[in-house]
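As given in TrEMBL:
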- 114-184: domain 'EamA' (DOMAIN)
- 1-18: signal peptide (SIGNAL)
- 49-71: transmembrane segment (TRANSMEM)
- 115-135: transmembrane segment (TRANSMEM)
- 141-162: transmembrane segment (TRANSMEM)
- 171-193: transmembrane segment (TRANSMEM)
- 205-224: transmembrane segment (TRANSMEM)
- 245-265: transmembrane segment (TRANSMEM)
- 285-309: transmembrane segment (TRANSMEM)
- 321-340: transmembrane segment (TRANSMEM)
- 346-365: transmembrane segment (TRANSMEM)
Amino acid sequence: MAFTPYQLFLAGLMLVTGSLNTLSTKWADRQTSHFCDGTGGNVTFEHPFLQGVGMFLGEFLCLLAFKFIWYSTAQYRIERMVYKGDASSRIVRYWPIKIQRETRLVDGEQTFNPFIFWIASICDMLSTCLSYIALNYTSASSFQMLRGSVMVFTAILSVIFLRRNLTWKQWLGILTVVAGLAVVGISDIIFSKHPEGNHTNMEKIAGDALILVAMLFTSFQVVYEERFVRKHNIPPLQVVGWEGTFGFCTLGLLLIPFYFIIVPTSNSGPDHRLEDVPTAFCQMGGNWVIILATLGNVFSIAFFNFAGISVTKELSSTTRMVLDSGRTLIIWIVSLALQWQAFYPLQIIGFILLVIGMGIYNDVWTNLFRRFITRPPISSERSQLLPSHQDASVYESTSNIPPNAAASFADTVNT
């Protein structure tokens, strides 16, 4: 199958921005700068909650992108009688940009209560904050690989809460992924003799455990969306934007009480607050690299969500899964090249097991065999799949949702 230049652009955009999202956050975590009072010399930048607000800001940008596409294509859709809004509104009549082409990014219903996304944003917020705390403790490659556990948790929760029946092939994929996760965790325990930043090896292991807990919250988010949100058939880009809006407002307000909570082990500032925003901005002012890395986190998550959704629509969920595995590989290679971590051969085995397990669960290998060896698949794999934080969705039209939609691609949730 030949890819169009636009499809190749989307695939490259997803790979680059998805990799940059994790790498830019880790880059900021590795920087040092002084506190506001000038004490303590240069101290590492550890502000996971503020970074979480930045990630939600990036997701909010997806809502702005959706509104731009919505109004820019409104006249075109009105002429074809497929516009699902108020065609007589002033903003539609006076919108200066007119795009005369069809786009699937705005397909879906608009009659829904936005507050249905608030619970999902809470799960996303917990997952994001725990993930960014963990990224201070562990390497970027281990962080990305262990995020594959979201597929396992989502599958199990879908069986418990959604009464899904998994096939033997899916259970085999889950067991393979678990084996890969175990190998990655063991490599950190056995072979990692170097602490991450100012943290001990035990804290590095604790960071790996935090990633698993974070992915459990992501799985709750996916199952909740499957149960309560999917029925509305809302455009995925709009879903990401609304969850980013609620996450930004909720976590942004929580930064106020976090400032008054003292945690002795916190390195956010000289007073060891749970989150010290003034100190964070002082450190940014003292090291421009932190500002650059933070902006990279905000914009990369926005473009990654846009590219991920577009890849699923233009190509397939299978292609997206392959690209997401490539993102993990890129993060690993870049981390090694920048000497952010040592090379552990055991991680290669863990990565291969993760890719094989995810492929088995999502039926990737069967589809690839049909496409390139025997014959094209009978039905199109295109869907309206939504990524999480991090990259996953369950927003497909009701005619295309398979029995195990809640967990079919949860492993691609974004940070």
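Every residue gets a Cβ built from N, Cα and C, even glycine.
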CB contact flag for the transmembrane segment (321-340) and the transmembrane segment (245-265), at least three pairs under 8 A: no
Residue numbers, six or more beyond the limits of the transmembrane segment (49-71), whose CB comes under 8 Å of its CB atoms: 25, 28, 85, 91-92, 95, 97, 99, 103, 105-106, 121, 124-125, 128-129, 132, 235, 237-238, 240-245, 247-248, 251-252, 254-255, 258, 274-275, 277, 280, 294, 297-302, 305-306, 389, 415
Of 171-193, 205-224, 245-265, 285-309, 346-365, whichever stretch has the most CB pairs under 8 A to the transmembrane segment (141-162): 205-224
Contact ranking winner - 115-135, 245-265, 346-365 against the transmembrane segment (171-193), Cβ under 8 Å: 346-365
Tertiary contacts of the transmembrane segment (245-265), as residues 6+ beyond its ends and Cβ separation under 8 Å: 49-50, 52-53, 55-57, 59-60, 63, 114, 117-118, 121-122, 124-125, 128-129, 271-277
